[in-house]
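Here the structure is laid out as structure tokens; the discussion comes afterwards.
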């Protein structure tokens, strides 16, 4: 069988599952008229908004200084325009549902329903769970290598990749933190922080996959391998933050880094006799399926659960298996190093 057949199959599935782009609801004349009317009256139907009594900088249109909008509301950047758009979107989607029409995107996003001001509550909750899973995995790894496994006379670990996994754990927790923040309130700053954190994590994960799969232990060689990848990731992050927040380019870069490291781990798991390789296979297969799920963009079910939220859900068990493999690898390598010492 051709070695490229699995990749061709994956590409076929990717393009078959990927739906056609949805028509933007913000181009709907009824939606536009609703938003314009709301900006003038401060109301959508029977619902009126306090934000429309204030200017964009939080100052009251009419009234004394003590009528300034609360700081915590200004920090979340909910204003008259955003509330008008949100409730006009809900009103328009209710009308479309009665007519039997499918949901459409508004300003590039699906119509999610807020919960206590949180834009995507399910994605936020799952991001928080993933953050907790990463923290648990990192702490359990820390306890294992420093308190359960044998240490060198200088109190350093025998496991050669301890420091790299510490960095990975910190980057993972940082990425899920900003994911939760971004999905709770999507503004330019939170979006850039979410994208940048994810790119940094994927870039370092790729470096780690290369170093571990090829058993690179020499510091000079590690630097030679890591330097160009760090330069590439840093350049991409700077491009997103200071030139253009290019969604298409970022998707290509992130997907490319994920595919390469999954292939590296898959080949290594197939060629290695590592005792925990089945956990690695679970992560590789599950990660590949999750990536396909991430590309299958569909409207949120009941206004809450979309493909991205389901991808967050699949990350939870994968994180459990992943840190399990990391701990097993630490034990495996430490045992091997102790045998050489003795």
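Backbone N, Cα and C define each Cβ position, glycine as well.
Straight from TrEMBL, the features:
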- 1-22: signal peptide (SIGNAL)
- 122-146: transmembrane segment (TRANSMEM)
- 158-181: transmembrane segment (TRANSMEM)
- 193-211: transmembrane segment (TRANSMEM)
- 223-242: transmembrane segment (TRANSMEM)
- 248-268: transmembrane segment (TRANSMEM)
- 280-296: transmembrane segment (TRANSMEM)
- 308-326: transmembrane segment (TRANSMEM)
(request) Report the listed stretch (193-211, 223-242, 248-268, 280-296) having the maximum count of Cβ pairs within less than 8 Å of the transmembrane segment (158-181). (result) 193-211
(message) Six or more residues beyond either end and a Cβ under 8 Å away: which residues meet both conditions relative to the transmembrane segment (223-242)?
(response) 192, 195-196, 199-200, 202-204, 206-207, 210-211, 216, 249-250, 253
(request) Using a Cβ cut-off of under 8 Å, list the residues of the same chain at least 6 residues beyond the transmembrane segment (248-268) that approach it. (result) 195, 198-199, 202-203, 205-206, 209-210, 212-213, 236, 239-240, 280-281, 283-284, 287-288, 291
